[in-house]
Amino acid sequence: MHRMEQRLEIEQFICRSDNYGVLIHDPESALTATIDAPDAYAIEAALERRGWTLDFIFTTHHHLDHVEGNEPLKEKFGVSIIGPEAEKAKIPGIDRTVKGGDEFTFGLFKVKVISTPGHTAGGISYYLPDAKVVFTGDTLFALGCGRLFEGTPATMFHSLEKLVALPGDTALYCGHEYTQNNARFALTIDPDNSALKERAKEIARLRAHERMTLPSTIALEMATNPFLRWHDRTIRARLGLQDAPDEAVFAEIRKRKDMF
């Protein structure tokens, strides 16, 4: 089967309180990876549901709620743990380090590493172009972006620029189910955006039934996520930043979210 025809299977679930667990599986090679390891028990349960065994952990950043399952999963499955070079000292059990611009293979799929610091100093995202999917950890959320624990607004802005350069039909998976709260904030920044208003209603319907709001797409985020709409004239006018650099518009939106 030609690579472009091969389907990546994805199993997504909520764990801890609001973390997303995400397993990816290549049926051709029977390889399975988890994007981060927030909860070993939840990941094991998902593997059992699907009849998969775990081969890899792809770590996006070092925060405990993304790596706490590393060592128990490694002990049980003998997985190989891949993670950011810049954070290797903080990632339990890491076997292989990668950095922005690196590529490796996962079964039939090419994995491109994108350097996306800001939330942490060395955070990365994993992009699988043949599957049209990107895993952004806590850098880009549905209708939001990560808090700047170890980076500056400029750092995060440049990371987001890399992600919005991906094809619009790229599916987005991120680290947390924060979407409904993000929608409430987004409407304070971009209240006249009809696409955002409709999306907020759909998110409310989903969450009322405890359903997941992801995946999103890069195109949907560019149309509705205020953290990616630094170019929008209406938003700029609302912020009083009509002629400001894009980076300054983003920084003001991030500042307002921190106080929301």
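Cβ atoms are placed via backbone N, Cα and C, with glycine included.
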Joining D65, H66, D138 at the Zn(2+) 2 site recorded in Swiss-Prot, out of H25, H176, is H176
By the 10 Å Cβ-neighbour count, the most surrounded of the binding-site residues H61, H63, H66 is H61
The rounded CA-CA distance in Å from D138 (Zn(2+) 1 binding site) to H66 (Zn(2+) 2 binding site) is 9
Going by C-beta under 8 A and a gap of 6 or more residues, the same-chain neighbours of H176 (Zn(2+) 2 binding site) are D18, N19, Y20, D138, F141
Excluding H61, H63, H119, D138 themselves, the Zn(2+) 1 site's Cβ centre has within 8 Å the residues T60, H62, H66, T120, G123, G137, T139, G146, F149, G175
